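Quick notes on the structure that follows.
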Amino acid sequence: MKEPFLSAVPVLTQLEDAGYEAYFVGGSVRDYLLNKQISDVDIATSATPEEVKAIFPKTVDIGIEHGTVLVLYGQKSYEITTFRTEGDYQDFRRPKEVAFIRNLKEDLKRRDFTMNAIAMDKTGQVIDPYNGQEAIKNRLIQSVGNAEERFSEDALRMMRAVRFVSQLSFHINEDTMTALKKLTPLLRKIAIERKRAEFEKLLLGENWQEALRIILEANINAYLPGLKNKPLQIERLLTYNCKGFTKEEMWSILIFCLQIDKKNIEVLLREWRLPVKEIKWIHQLIFYLEVRLHQEWSIYDLYKAGCSVIEAVEKLYHVINDLHDSAGIQELLEQYHKLPIKSSKDVAITGSDLMQWFNRSGGPWLKETLMKTEQAILDGKVINDKRKIKEWLLACSQN
Ligand code: ATP
Ligand code: MG
């Protein structure tokens, strides 16, 4: 066994010493068997949340109604979830109730795919009652039990299947795919936040193009904001090589392909419930991308956009135009770094200087004069120095 499991072994040992069962489960075991980088280690146990809390001094209730307690141990934190089954499903969404149980096999049975239904004990021994290892060997995404039933219980699993296609470059097995194609309308019931989480992971996965092809094939896009009836636009996105793109850059190029009216971009991103900060960033990228697609960067645009926007927009521009030479980007960034000012805060004069020099009270002229000065500094007409600016402004006012 290796890190991060090794550090977590004492957590399992403590649970076992207290008389409970405890295992590593979920994505961490799957990724370990795949020899992939492991993000977070999930633990399943027969102890109830109250029993877990009685063992570990530092815990946080993060989802106690679903049986999950966060345990702070060493420098790390672990999600420990009580073995459970899920009761009747309500509206094809979340289970109406969860029942805590003492049996690992039953817990593994409620999990979505066989590759995610494998447990591993503290010695590295694998418990795999649903043949998840074979699915991993064959690179297959396969529901645990009857796929139609499992997707009807929780329709989000269909999006999870497609996001795993993207992240793992696995195929969806035939039965699972048939059920998926049949039941996509159930996605109507799923909260947009949950769909977004899966969709964003899909966009960032290595095999995102294949995953989007499945989205189109199964018409999942009909249940995603702004993507209904947009097969051609999505197919256009598939032609781009977006390797190394950030989440926001992926959203930007998607929106570019969808050719959405400027004023509707925010509406769409709000529909997806993106955080305001991300919406603003994406908005900026698309704004400057449109500018860039029509003309070279002006000094003023470089100044207004700033370093990070320039870099991201150039990345998008290069991909859209199938350009491979990044020397141009470096040149632009150098040009940016050479600008005499980087923001209006850097201008060496203030409104009160102006009022004093011209012996005038405040008013719209102040803002106008400051903007004129800012532009002149950028154009190299005047040096960003208080005395020089004063001379220049006085000379201007005499002409
Ligand atoms: P990731 O690497 O993205 O964390 P993961 O497989 O660990 O992938 P999580 O969302 O962290 O995914 O869920 C942890 C585990 O919980 C899964 O491996 C799976 O066993 C189970 N699980 C998660 N969501 C569902 C679901 N909707 N239905 C059934 N089981 C689920
Ligand atoms: Mg996980």
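Cβ atoms here come from the backbone N, Cα and C positions, even for glycine.
Pulled from TrEMBL:
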DOMAIN    22-141  domain 'Poly A polymerase head'
BINDING   Gly27, Arg30, Arg111, Asp154, Arg157, Arg160, Arg163  CTP binding site
BINDING   Gly27, Arg30, Arg111, Asp154, Arg157, Arg160, Arg163  ATP binding site
BINDING   Asp40, Asp42  Mg(2+) binding site
DOMAIN    170-228  domain 'tRNA nucleotidyltransferase/poly(A) polymerase RNA and SrmB- binding'
DOMAIN    246-393  domain 'CCA-adding enzyme C-terminal'
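Summarised as a single figure, the pLDDT of the domain 'CCA-adding enzyme C-terminal' (246-393) averages 94. Taking a C-beta cut-off of under 8 Å and a sequence gap of six or more, Gly27 (CTP binding site) has these contacts in its own chain: Ser39, Asp40, Asp42, Asn116. The secondary structure of Asp42 (Mg(2+) binding site), as reduced to three states from DSSP, is extended strand. Among the binding-site residues Gly27, Arg30, Arg111, Arg157, Arg160, Arg163, residues whose Cβ is positioned under 6 Å from ligand 2 are identified as Gly27. For Arg30 (CTP binding site), the same-chain residues lying six or more positions away in sequence with a CB closer than 8 A to its CB are Met115, Asn116, Ile118, Gly132, Ile136. Remark: Arg163 (CTP binding site) has Glu198, Phe199, Lys201, Leu202, Gly205, Ala211 as non-local neighbours, by Cβ distance under 8 Å and separation of at least 6 in sequence.
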